[in-house]
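Peer 1: So that we are looking at the same thing, I have put the structure below in structure tokens.
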Amino acid sequence: MFQPNMFDSHHHLLDLGHKSPENELDLIRDDEYESKSGTDIMEAPSGDDQDPNQRPKKKRYHRHTQHQIQEMESFFKECPHPDDKQRKELGRRLGLEPLQIKFWFQNKRTQMKAQHERHENTQLRSDNDKLRAENVRYKEALSNATCPNCGGPAAIGEMSFDEQHLRIENARLREEIDRISGIAAKYVGKPMLTYPHLSPGASRSLDLGVGNFGSHASISAGEIYGAADLLRSVSGPSDSEKPMIIELAVAAMEELFRMAQTGEPLWIPGTGNSAETLNEEEYMRTFPRGIGPKPLGLKSEASRESTVVIMNHINLVEILMDANQWSSVFSSIVSRAMTLEILSTGVAGNYNGALQVMTAEFQVPSPLVPTRENYFVRYCKHHSDGIWAVVDVSLDNLRPTSISRCRRRPSGCLIQELPNGYSKVTWVEHVEVDDRAVHSIYKTLVNSGLAFGARRWVATLDRQCERLASVMANNITAGEAGVISSPEGRKSMLKLAERMVISFCTGVGASTAHTWTTLSGSGADDVRVMTRKSIDDPGRPPGIVLSAATSFWLPVPPKRVFDFLRDENSRSEWDILSNGGLVQEMAHIANGRDPGNSVSLLRVNSSNSSQSNMLILQESCTDSTGSYVIYAPVDIVAMNVVLSGGDPDYVALLPSGFAILPNGPSNQAGEIPEVGSGGSLLTVAFQILVDSVPTAKLSLGSVATVNSLIKCTVERIKGAIMAESA
């Protein structure tokens with residue numbers, strides 16, 4: 001509201017050693033005009049000038065009128081330091097002397113400065129109290145330090161600085177656990193129960209134009225896809241397990257830091273375009289403890305990747321530490337996520353030191369690749385050199401009876417702040433997994449590390465950051481054809497498209513939350529179906545929804561498949577539901593550097609009168625690890641509301657679409673492919689409302705119709721693409 005110079009100190013009334021002519025005039029006239037509370041002015045001769053034989057004159061007070069005060073207050077907001085000309089003009093307008101105006105403004109500035117200083121003092125006092133309390137806590141922690149060798153008391157000089165820091169951190173985290181457990185026990189009368197709940201900040205919007213990430217992404221137990229066995233069966237840690245979890249998290253953080261920053265011999269550089277590989281023998285020598293040796297039947301996957309993204313480090317940390325935002329931004333990789341228990345919320349109002357136990361399910365967008373379920377602790381730390389780190393490590397060894405097909409060794413990312421709102425992200429993925437259930441056509445992709453590795457995480461993050469940046473873009477040319485120039489309309493349409501993409505991604509993989517049924521045979525391109533009921537969900541039409549999906553291989557590059565499927569001019573070649581009608585793009589929002597990253601609104605001009613006004617919302621996106629074309633028919637009236645900036649949450653959507661992945665490395669040994677080389681793995685998935693009554697029985701005729709629809713679509717795509725490439 002006020003500029004800093006507003007609070008400049010004016011000490012000329014006290015500084016008698018350096019008087020300017022104007023200052024001297026001020027001192028003379030001070031005897032004639034004195035102000036009270038910035039509104040009253042009093043005139044009186046000084047005591048030295050009074051004649052003792054003369055009756056003293058009565059002091060004359062001048063109180064400003066309410067109108068004069070309001071006018072001067074208003075002028076003060078615009079200009080707290082008026083010059084002579086402005087004072088004369090304001091005095092003429094208000095019927096006051098310029099000197100009266102001058103004194104009023106001086107008093108007002110002094111008053112504002114005093115208020116500001118009082119506020120600063122209060123803030124500093126509060127900060128001082130916090131620092132004093134923290135200092136006491138650190139002293140207590142240090143006084144209880146033990147020798148790592150003998151377990152006895154240790155003098156500070158016997159421990160390294162890093163060890164001191166880790167022990168202080170451990171003590172602080174234990175205090176946090178005790179405090180939270182004590183509060184819980186006080187209210188429920190027994191040890192803390194663990195309920196599935198959102199991580200800190202879940203209700204806060206990532207205010208970058210798209211709205212609240214994850215408002216539709218949190219998949220809770222008993223959600224529409226069915227019983228969430230993973231999320232129900234895994235409970236939070238017991239009190240006796242929490243100290244072990246803290247120690248494991250601190251050790252994992254140290255390991256992540258070294259894994260992200262160390263080169264040879266830990267990481268063996270690749271040749272040409274091939275990725276670097278982890279030297280497992282060197283790894284076991286460097287990190288002998290951790291979560292223990294690799295179990296029989298599991299194989300190791302390790303990868304590391306860096307990139308610069310257009311998002312500041314604070315927002316990146318918030319996304320990673322909030323299960324809703326994390327599963328939304330990475331919806332193509334994270335099919336479900338839940339925070340089971342928060343052991344620490346961090347300190348100083350941010351996520352530094354935040355510690356939470358989570359469960360998540362990671363996927364490839366195809367029913368042919370089983371998901372990877374993990375029960376892990378996530379730990380966030382702000383390092384002194386301006387780097388934030390977020391690390392995950394599995395907690396499977398706390399439950400020795402559970403049999404895990406996948407466990408995460410320390411994995412996560414380092415985030416380094418860069419100028420202008422950018423960040424450098426270094427991602428490390430290190431898992432041990434049993435992937436024998438992966439279908440043969442996806443084996444090469446999974447074995448290459450491209451399906452679940454660091455490169456896919458980094459590429460997805462980069463694309464999503466570009467998407468967010470595009471929402472905030474103000475340099476949209478209003479005259480450009482097909483572009484929505486209204487910021488509100490852009491925001492609503494992108495938010496609707498985001499929900500459509502999340503809904504598609506969470507339903508296309510082989511999640512344990514829903515079960516696919518194979519219609520016939522055992523071939524790779526068989527159609528798999530599942531049904532679910534949609535009830536009381538404003539974002540989906542009510543009734544019985546039949547989902548169908550199939551995956552198959554195409555001997556053409558992924559980029560060609562992607563360009564063919566996203567082009568509205570070629571849509572009539574494969575889209576049976578458009579009945580061969582002309583498809584025209586009505587609106588277009590570019591949301592990334594690649595022209596393939598965009599959201600479009602399409603109109604189908606069909607000869608069928610019932611479909612003549614059909615609209616299709618479509619989002620296409622691509623990066624170096626995969627591409628998507630996702631679409632859903634939408635109601636014209638509802639879309640008009642969205643385009644005018646209305647709430648998109650009440651637009652009913654049933655998304656269908658395509659996931660296009662590269663077919664693993666190309667013929668060159670060890671090379672990780674870019675989109676555009678080698679063959680393609682295409683997943684086609686439809687969602688059809690087969691009955692608008694949720695209690696109705698699914699008919700075999702409906703299943704046969706959907707089966708026929710998807711098989712016909714696949715044949716058309718194969719025919720058109722093969723003919724085009726011939």
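Just so it is clear, glycine is given a Cβ too, placed from its N, Cα and C backbone atoms.
Features from TrEMBL:
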DOMAIN    55-115  domain 'Homeobox'
COMPBIAS  55-66  compositional bias 'Basic residues'
DNA_BIND  57-116  DNA-binding region
COILED    114-141  coiled coil
DOMAIN    238-470  domain 'START'
Peer 1: If we skip the immediate neighbours and take only residues 6+ beyond the ends of the coiled coil (114-141), which ones have a Cβ under 8 Å from one of its Cβ atoms?
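Peer 2: Contacts with the coiled coil (114-141): 7, 167-168, 171-172, 175.
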Peer 1: I'm checking region-level scores; what's the whole-number mean pLDDT for the coiled coil (114-141)?
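Peer 2: The predicted confidence over the coiled coil (114-141), as a mean pLDDT, is 85.
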Peer 1: Tell me the residue counts in helix, strand and coil for the DNA-binding region (57-116), as DSSP assigns them.
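Peer 2: Its residues divide into 43 helix, 4 strand, 13 coil.
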